[in-house]
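Summarising the annotation, TrEMBL assigns domain 'CTLH' to 94-151. What TrEMBL records for 267-301, 312-353, 524-560 is repeat 'WD'.
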Amino acid sequence: MGGVEDDEPASKRLKLASGRLTGLSNGSSLTEPIVGSRDLMARPPQSEGDKEVLGSKGVIKRVEFVRIIAKALHSLGYKKSCAHLEEESGIPLHSSAVDLFMQQVLNGNWDESVVTLHNIGLKDENIVKSASFLILEQKFFELLDGDNIVDALKTLRTEIAPLCINNGRICELSSCIISSTRCDSVGSSNQDNGRIKPRSKLLEELQKLLPPTVIIPESRLEHLVEQALTLQRDACFFHNSLDKEMSLYSDHQCGRDQIPSRILQILEAHSDEVWFLQFSHNGKYLASSSNDRSAIIWEIDVNGGVSLKHRLSGHQKPVSSVSWSPDDHQLLTCGVEEVVRRWDVSSGECLQVYEKVGLGLVSCGWFPDGKWIFSGINDKSICMWELDGKEVECWKGQRTLKISDLEITSDGKQIISMCRPTAILLLDREAKAERVIEEDQTITSFSLSRDNRFLLVNLLNQEIHLWSIDGNIRLVAKYKGHRRTRFVIRSCFGGLEQAFIACGSEDSQVYIWHRGSGDLVEALPGHSGAVNCVSWNPANPHMLASASDDRTIRIWGLNSLHVKHKSAHSNGTHYCNGGT
């Protein structure tokens, strides 16, 4: 194993429907009567249970609670149940004036609906004007659609314009009088076909505009429940299960058993130290590289079992890293200051070799569209090639180091590399701009989050730093506990929504931290040599892989997981029944 001095860069061997209304299409009319005046609804005698507030904290207003339940029942189609709740509680979902207003909108009674709008108790005159504008705009378009141009012009001049709002829109409406083609483009912004929106769509827009005390927003109860579940999930320290497994019947809390902490398989096909490994984007494959000058593609079956698919030979030096193509159909492997090879995953055939005469390649990666690859060169430059080997572009200067990770954001705009022992360069290809992350300690490796917003940086002083690179660069968190004194140790994001951080360690353990809190969750023993690299399956939050100097790869899963295999040993793998 190659080592480093503490003052030098670490080198791993170089290593609507609302209320009781029926949504109508344009031109239709609904004359279903509005039952009674709910403002005068007989209220049952108040019992001791009819308190103004509900719940142990006294923060839930009873009237609001009942109205929201009634709204949910109506939205679910349980209209009779909604009516029964209103009658029994004496609390109407909407006032009679609001019901009348909504009915008038659906029936196209525009002048009456504007009058009613002024009588439903709105205190904000701006809201009244905005709602009136929407209603009268609909009236304008329907008149035009019926070739009633004179009345449409009258509506625009005597009803819409006097509102003195949205003058730009008024100019657009004026152009509709002159040109029907222009009218189509102006009026079609809110609907798929034609220039007139359905009246039900208009009512939805009005509901969003009016205060929630007047008309309860659609799906309000669902929103509150989702918010509660999300808060429970975010507060769950060990949360690593799919959201569909959450239930309304009990408070959500995951246990430690949701973290992969049991060794399910030991992969023993490499004949020397395993330096690097990475799952494919779809989680169906795992690639590893080793000091034995080979890389291996492993296949993951539907039961989670891992087996050797292809051994990739041809490098003349140890293989320091691998990189999956965006579609997972191809793989890049990089030899230590040697060449980069491109392989077909299905056949295991080498498709192309990328090299620079007299220079060595030290890192590799793909552009998001899969049409180009890039690599760090040992002369501190970064080069880009077409798949056929034609060099496209080369960024000279202090762009990368001999021992360096290399990443590119999913939009292809930023290339990320180590430009100095204590600095990471974020190079914007389009803007030709550069940003730099400065550390006090020597950087040994880094990893980019799936959403391109965060960078995980391993340091010589046995710390891992989490940096936000979305907008202003800032340090977010630090993770400590693992051991690193001599070699390059790599970390990764992982788990559901990448809520955890995993890292190898020279004490032969795998360390897992909670990303948000920074607290150590697990330290997993099992290897008999330094753990150089870890990778978390992006498609399976319960699968983790680790690569070690003990020449093995260990596949970690849940303690409760039982995987069936044909035999105890198969194709360079060993299946474990125990935890170690």
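Going from the start of the chain as shown, residues are counted 1 onward.
Just so it is clear, glycine is given a Cβ too, placed from its N, Cα and C backbone atoms.
Residue counts for the domain 'CTLH' (94-151) under DSSP, split into helix (H, G, I), strand (E, B) and coil, are 44 helix, 0 strand, 14 coil.
Counting same-chain residues at least six beyond the ends of the repeat 'WD' (524-560), those with a Cβ under 8 angstroms from any Cβ of the stretch are 1, 12, 15, 240-241, 257-268, 270-279, 281-284, 286, 288, 290, 298, 300, 304, 306, 450, 487-496, 500, 502-512, 579-580. This prediction places the mean pLDDT of the domain 'CTLH' (94-151) at 93.
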